[in-house]
There are 2 protein chains.
Amino acid sequence: MTVRLSTAEAYGRLFDDYDTWLFDCDGVLWRGDHLIEGVVEVLDLLRRRNKKIVFVTNNATKSRKSYKSKFDQLGVQAHVDEIYGSAYAAAVYISSVIKLPKHKKVYVIGMSGLEEELNEEGILHLGGTDSADNTLEPFDLSQFELDPDVGAVVAGLDTSINYTKLSKAFQYLTRNPGCHFIATNEDSTYPTSAGLLPGAGAIGAPLRYALGRDPISTGKPSSTMLDCVRAKVHFDPRRTIMVGDRLNTDILFGQQGGLATLLVLTGITSEEEISGPEPSPIVPDFVTQSLGDLRV
Amino acid sequence: MTVRLSTAEAYGRLFDDYDTWLFDCDGVLWRGDHLIEGVVEVLDLLRRRNKKIVFVTNNATKSRKSYKSKFDQLGVQAHVDEIYGSAYAAAVYISSVIKLPKHKKVYVIGMSGLEEELNEEGILHLGGTDSADNTLEPFDLSQFELDPDVGAVVAGLDTSINYTKLSKAFQYLTRNPGCHFIATNEDSTYPTSAGLLPGAGAIGAPLRYALGRDPISTGKPSSTMLDCVRAKVHFDPRRTIMVGDRLNTDILFGQQGGLATLLVLTGITSEEEISGPEPSPIVPDFVTQSLGDLRV
């Protein structure tokens, strides 16, 4: 049963009960380029009470460093080491979980943020923003030289997606034995201030369909993302709360990690989806209209 | 139970039992640019015995007219009106089944062959080969003007697939009420003489994933394709045989239409898939190594 928060007392209890606060960003702190009212004050309140703050985003087009500039631009205080993105999680997964040998390479469907995170982890990569692969010229398979050192394909949101990238990734995944297939996240859509566009899950979908095989996802709701946070931040799950706007990513992510969950209605999820005639099977612990409501 | 053909008598019985012969092309008549041995003789034999011949292809990158040149180039006799392609089936589906009003338009993810078939049916269309949509420049949703007359999106194999096309198609499918979602075919892969590449099903997969909605497919194994043939050719299903190399398209297509089915092993399906330890649940009536075997 979801507790609907509305009184100062109820909000106050959240501050007492949880020491570590995980936040989704888009739809919770801001919408596109617009800060949500009261967010800065609520984060200040948490910092003054010495709460640990962690920002967990599926956005894989930006590295943590460049994502930080979004916080700066909107006047939200944040440290780079409080930010966990799905591109970073993918890089950590490749270096620390798969332990891809150092001479091996990753074929990238994705943008510069993903490449930066791979660089930070010392992972060799090809594809991505390489101009040779950012083309609408016909792909000639007979001229393609398969690099035997490619041991993984990682797919994230890539607004330069094209048939050459899809074809090369498909060759590596079908012809290089044991080649790993990783998705930064599986969001079906991507929110912009003008509306929704196809998300990272849609960019990886052609490979998934052609291969008949699902990737390992490193974004929410995957536990890989929480493993990344856990490697750097000590927290007690029973005293940790995940705040998000998407049931099937944020709230599910919190629940699978044994955390409390707070849904806000400033993003993707509508009131209808939780209290309408066909409510979602994913039920958050708490719901409030906006993170700004906690300014009491 | 599949009957494995090998004797002159068994092949002869096929000629006696079936008056209408439906053929898949790639993997049956040719592989990439190489004619399969004996095919010309077998087709001549059928024509001399006054059999009706129909070529049924999921290839949607070529119109029937331009597909005919492939026959000419390889020296295989064929008439344009014997050829049924999935692009043609999509156009007929739009004009005759949906009956899209004449002032309405179709947004195309696909190549010139699909556009030619839409033109032949007098269907207005946009996207496709339009240079404005064949770009890797960022797509700016705030600058996009939704055309309220777009009543359908059709997706086929498009080797110029990009984020602008996917984003525009996604807008039409989510914002234009009742907008139809059609796929020329759902082949996961596309055979070339150098190997497999992602197929039409993979090109439509991002939309399918972003929308959480499946398209209506007009290619094999969909019955829409057989409805197209039936509209032009009179045949008795009990005396008709479908010859193909793919179990989940050709053979399933024949079975769902109540036709006899003959699998050849010169294309996608291997011996392993029909007689190995985990055989496919799709069981053809007959199997032979190659269409050329029928030259007896």
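Placement of Cβ uses the backbone N, Cα and C atoms for every residue, glycine included.
Since the structure is predicted, the reported quantities are computational estimates derived from the model, not experimental observations.
The secondary structure of B:D24 (active site, nucleophile), as reduced to three states from DSSP, is coil rather than helix or strand. As annotated by TrEMBL, active site, nucleophile applies to B:D24.
Summarising the annotation, TrEMBL assigns active site, proton donor to B:D26.
Look at TrEMBL and you will find B:D24, B:D26, B:D245 tagged as Mg(2+) binding site. Annotation note: B:D245 (Mg(2+) binding site) sits in a coil segment as assigned by DSSP. Cβ-based neighbour count (10 Å, all protein chains) for B:D245 (Mg(2+) binding site) stands at 25.
When other Cβ atoms within 10 Å of the Cβ of B:K220 (substrate binding site) are tallied across all protein chains shown, the result is 32. DSSP gives B:K220 (substrate binding site) a coil state; it is part of no helix or strand. Residues or ranges marked as substrate binding site in TrEMBL: B:K220.
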Least buried by Cβ count (within 10 Å) of the active-site residues B:D24, B:D26: B:D26
Cα-Cα distance linking B:D26 (active site, proton donor) and B:D245 (Mg(2+) binding site), given in Å to the nearest integer: 8
B:K220 (substrate binding site) and B:D26 (active site, proton donor), distance between Cα atoms, whole Å: 13
Neighbours of B:D24, B:D26, B:D245 excl. site residues, C-beta within 8 Å of centre, Mg(2+): B:C25, B:G27, B:V28, B:L29, B:T57, B:G244, B:R246, B:D250, B:V264, B:G267, B:I268
